[in-house]
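Report on the structure given below.
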Amino acid sequence: MEEGGSTGSAGSDSSTSGSGGAQQRELERMAEVLVTGEQLRLRLHEEKVIKDRRHHLKTYPNCFVAKELIDWLIEHKEASDRETAIKLMQKLADRGIIHHVCDEHKEFKDVKLFYRFRKDDGTFPLDNEVKAFMRGQRLYEKLMSPENTLLQPREEEGVKYERTFMASEFLDWLVQEGEATTRKEAEQLCHRLMEHGIIQHVSNKHPFVDSNLLYQFRMNFRRRRRLMELLNEKSPSSQETHDSPFCLRKQSHDNRKSTSFMSVSPSKEIKIVSAVRRSSMSSCGSSGYFSSSPTLSSSPPVLCNPKSVLKRPVTSEELLTPGAPYARKTFTIVGDAVGWGFVVRGSKPCHIQAVDPSGPAAAAGMKVCQFVVSVNGLNVLHVDYRTVSNLILTGPRTIVMEVMEELEC
């Protein structure tokens with residue numbers, strides 16, 4: 001993670017030492033592994049290393065073969081040799097990011113066994129730390145959209161800091177964007193983000209306070225990670241020098257160029273999609289879920305459609321035919337701290353591809369195979385799922401959805 005920018009000892013206190021410091025480093029480490037794993041997952045989908053595979057007449061969706069992946073990692077210079085590749089993938093397995101498809105092997109082996117990213121089968125564990133990390137990542141992506149101007153260079157106590165937000169303005173924005181219903185709720189969210197090391201005061205001197213104090217995100221979620229970084233036991237913040245174009249740092253009143261978050265796009269840059277509930281909403285996994293905040297990335301997401309859950313294709317005309325065997329239902333779904341908990345796929349009409357059984361959508365009565373008629377009063381029968389996705393993700397936290405359900409379904 002990038003420090004909010006101090007090059008000296010200013011702002012260091014007891015909160016960064018002892019057990020608190022160790023806990024903070026572990027949270028930083030976890031966050032880096034999560035981002036690295038997600039970037040690898042998207043890349044493997046893009047290059048078709050992850051795909052449906054068959055063994056003994058059974059199909060295993062969204063899998064990769066361990067031996068083939070090791071070949072791929074070496075070929076793409078993500079690992080120097082097979083032993084190193086095994087160690088790297090074991091790091092992801094130890095964090096619960098990947099697993100053997102039948103959970104028969106805890107060790108990652110250089111053999112023809114099927115493994116899968118847990119985000120691709122909906123089994124990724126969502127503890128409080130992961131939830132806070134995902135929420136922070138979504139807010140970061142939203143703030144980094146071209147039309148958002150909340151993050152600005154600002155000065156505090158005579159020192160200039162890059163990519164800062166003012167606490168009071170950030171709280172206003174959270175309520176305005178539907179991320180929180182009240183200012184108090186927004187402030188509680190900021191306290192959680194700070195406790196989990198996602199945001200910090202620019203000089204690390206203050207907790208989060210509704211004031212004109214300046215804060216920054218500690219992590220550049222968009223930085224392209226190298227898999228080899230997983231073997232580096234140093235604090236993630238030490239992996240980026242002050243000369244890095246991705247490094248958040250404070251600037252004095254000299255004429256040094258600001259190198260904070262320059263738009264550097266390496267070849268084959270991974271397009272990170274941060275709108276997630278157990279899986280990226282536009283990823284290949286059939287268990288991706290809508291997040292409670294939009295993805296407004298300037299880059300198109302990596303797209304890859306899972307097999308449809310529908311038994312047969314259905315047209316909008318068929319749904320609207322008088323006497324057709326479909327019943328209309330309306331749901332009001334309030335997003336929780338993680339999201340709404342469902343996936344839309346298909347086109348003209350879209351359908352519900354997956355529903356998180358523990359999410360708000362399931363609680364409201366949503367089921368797979370239902371067809372989406374309208375979102376917040378807007379008819380969407382004749383658009384594709386990308387349009388519906390954008391409508392949901394850029395709308396309010398509470399959504400009203402009308403669906404049609406086949407009576408025999």
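Glycine too: its Cβ is placed from the backbone N, Cα and C atoms.
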In Swiss-Prot, the member of Ser6, Ser80, Ser297 to which phosphoserine is assigned: Ser297
Of 136-141, 184-189, 286-291, 304-309, the range Swiss-Prot labels motif 'BetaTrCP degron motif': 286-291
Selected residue, Swiss-Prot feature phosphoserine, from candidates Ser145, Ser265: Ser265
From Thr7, Thr16, Thr295, the one Swiss-Prot labels phosphothreonine: Thr295
Position flagged as phosphoserine [Swiss-Prot], chosen from Ser9, Ser15, Ser252, Ser282: Ser282
